[in-house]
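Participant: Below you will find the structure I want to go over with you.
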Amino acid sequence: MITAYDYSFARIFDAAGIDVILVGDSASNVMAGHETTLPITLDQMIYHASSVVRGVNRALVVVDLPFGSYQSNSKEALASAIRIMKETGAHAIKCEGGEEILESVKRILAAGIPVIGHLGLTPQSIYKFGTYTVRAREEAEAEKLKRDAVLLEEAGCSAIVLEKIPANLAKIVAQTLQIPIIGIGAGRYCDGQVLVMHDLLGINTEFQPRFLRRYLRLHEEISEAIRQYIHDVKSSDFPNEQEQY
Ligand code: KIV
Ligand code: NA
């Protein structure tokens, strides 16, 4: 699984054979430049998601319910999920939390909308945590995470994303549950992995957590290309005879 937020990248990822494309609320960070995921709106998520869906032929497209669009009550949660399904053509929604949002998860599922859970370091709760460090190292939080995972599976969720928790805890969850466990910073025992496209492609240079493997150095590649373009225009090398009408 990889994130995407627009048509052009979604098209490349889909054609390359990715199984699942997540239209993450990380768009708030990597697309809009916000410090957290909290500011992004449902309308903005729908814009990103509908663009992604137009680029996809075969992958499953999952869309994050943004902060504030599902926490108030299950009726609001269902209304938000329905808007995503109707207005984007995506296949499933993802939302953060376990027991706290269980009623909403059940109501969305009852409407026939597939739900993916998200436990561990849930960025919409960053001001509760106060830090982006590894979650569920302590017994009490680990036990709650295991209970929440079972509740989400029993409710009928299709999969669960586990973010930034100890590998051995993710292993227990993956062994206990039947549904796919998709990790980000949750170690090698998960059934699948997810990364933010800007991190995987090396577009971000500041963000370097241990769990991140970079497959490209796009920041450097793009910078060099832009420097070359500036040079070529200023030196009257571009456009040349063959590049004009
Ligand atoms: O918004 C996002 O990109 C996510 C992934 C990191 C799982 O939720
Ligand atoms: Na997210």
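Quick reminder: no glycine exception, Cβ is built from N, Cα and C everywhere.
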Participant: Which single residue out of Asp6, Asp64, Asp148 does TrEMBL record at the 3-methyl-2-oxobutanoate site shared with Asp25, Ser26, Lys94?
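Facilitator: 3-methyl-2-oxobutanoate site check in TrEMBL: besides Asp25, Ser26, Lys94, the record includes Asp64 out of Asp6, Asp64, Asp148.
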Participant: What is the total of other Cβ atoms whose distance to the Cβ of Asp25 (Mg(2+) binding site) is within 10 Å?
Facilitator: 29
Participant: List the residues in the vicinity of the Mg(2+) site, defined as same-chain residues other than Asp25, Asp64, Glu96 with C-beta within 8 angstroms of the site's C-beta centre.
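Facilitator: Along the chain, the qualifying residues are Gly24, Ser26, Thr37, Leu65, Pro66, Phe67, Lys94, Cys95, His118, Thr122, Pro123, Gln124.
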Participant: Give me the CA-CA distance between Asp64 (Mg(2+) binding site) and Lys94 (3-methyl-2-oxobutanoate binding site), in Å, as a whole number.
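Facilitator: Between the alpha carbons of Asp64 (Mg(2+) binding site) and Lys94 (3-methyl-2-oxobutanoate binding site) there are 5 Å.
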